[in-house]
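What follows is a set of notes on a single structure, which appears directly below.
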Amino acid sequence: MAFAKALIQAPSVTPDAGQALDVVADALKAAGYHVERLVFSTAGVPVDNLYARIGTASPNLCFAGHVDVVPPGDAASWRHGPFSGAVEDGVLYGRGAVDMKGAVAAFLAAALAYGAPAQGSLSFLITGDEEGPSIDGTAKVVDWLAAKGEVIDHCIVGEPTNPNALGDMVKIGRRGSLSGLITVEGRQGHVAYPHLADNPVPRLVRLLTALTAAPLDNGSAHFPPSNLEVISVDVGNTAYNVIPGAATAKFNVRYNDLYSLESLMAEIARRLDTAGEPYVLTFRDGASESFLTAPGPFVETVLDAVADVTGQRPQMSTTGGTSDARFIKSLCPVVEFGLVGQTMHMVNEATPVADLTALTAIYERLIARYFATFAA
């Protein structure tokens, strides 16, 4: 609880998370962790990150999270100040309480209570660039870890995975995300003289019909069906008597493990080609692959730890948006479990203190079960 309040009271609107990282670093240094602050500034804005470890042997269990937060909006709209860390009627208020300073605080408390593993290591990967472009955060830290030969055996990410109550859901994977732009060129002209123009809109409509006529798939063992949404159609035309010279459509696909990034791109192009219309297709940078940590000893360890405290075995899920787990998957198996996500990014973001206490207990059980299983 003390860590959660201290983190909330350290304003850290992305990417300015240095004060909140200081809270984590100071606590870990005092407990004997070797702490490294990693600053990257590819995008021109310095971003502070942290990697800390106690122990030198395997297995290395890592907790990954972020202490940057989205802007609070109008502070006057909050029941308590967004960075107050106020507690009222057993509820902790503040930006980041759920997403995800609460989980960072809970694992920090759990790890310090456990101490140094007799065999193996505990580590923390905490970023200040998850709510922003995610360029100079976890992705760069993962590259840095790989370059120095740092081995992480398993990772738990503290995203707010539970839809309704603590213990509902553990994320064992995430869908991939791909965004694209379709451009159709025409020739601008007067609507009264269509023979002198070339309207691109009907051709774009035919292309979009071909793209969306059939489902991409029917889902897989652990993933729902892939889903393509057309999110914008634009012609840049406000007049009623002008045929536009070009038309564009933007789309996003959330896709499962039946596709790789390359095979999905090929399928999109194949569908568009069936329309028989000329088009230009471009894909936006920043696409991510789907990933899955298959059920096995690590996933079971997490599920058992949750059940130990809540009395219920959580659902394994791959729903929702992307997270920094998409970067960590290249290092090791990764699973996500944190608080209830109902108020994340909202005015009056809050979590019951009882949930924080229970999450800390879950993380304590997870650490104990992990080393009993993997360090034996």
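Yeah, the Cβs are placed from backbone N, Cα and C, and that goes for glycine too.
Keep in mind the model is a prediction, meaning the values are calculated, not measured.
The Cβ neighbour count for D68 (active site), using a 10 Å radius and every protein chain shown, is 25. Taken from Swiss-Prot, the feature active site applies to D68, supported by sequence analysis.
In the three-state DSSP assignment, the secondary structure recorded for E130 (active site, proton acceptor) is coil. When other Cβ atoms within 10 Å of the Cβ of E130 (active site, proton acceptor) are tallied across all protein chains shown, the result is 26. Taken from Swiss-Prot, the feature active site, proton acceptor covers E130, and the record attributes it to sequence analysis.
The Zn(2+) 1 binding site annotation in Swiss-Prot covers H66, D99, E159. Here the Cβ of E159 (Zn(2+) 1 binding site) has 27 other Cβ atoms within 10 Å, regardless of which shown protein chain they belong to.
There are 16 other CB atoms within 10 A of the CB of H345 (Zn(2+) 2 binding site), with all protein chains counted. Residues or ranges marked as Zn(2+) 2 binding site by Swiss-Prot on the basis of sequence analysis: D99, E131, H345.
In terms of Cα spacing, the recorded positions H66, D99, E130, E159 that come within 10 Å of H345 (Zn(2+) 2 binding site) are D99.
In sequence order, V69, V70, E159, P160, G341, M344, H345, E349 are the residues near D99 (Zn(2+) 1 binding site), counting only same-chain partners six or more apart with C-beta under 8 A. In this structure, E131 is the one among the binding-site residues H66, E131 with the smallest number of other Cβ atoms inside 10 Å of its Cβ. E159 (Zn(2+) 1 binding site) carries neither a helix nor a strand DSSP state and counts as coil.
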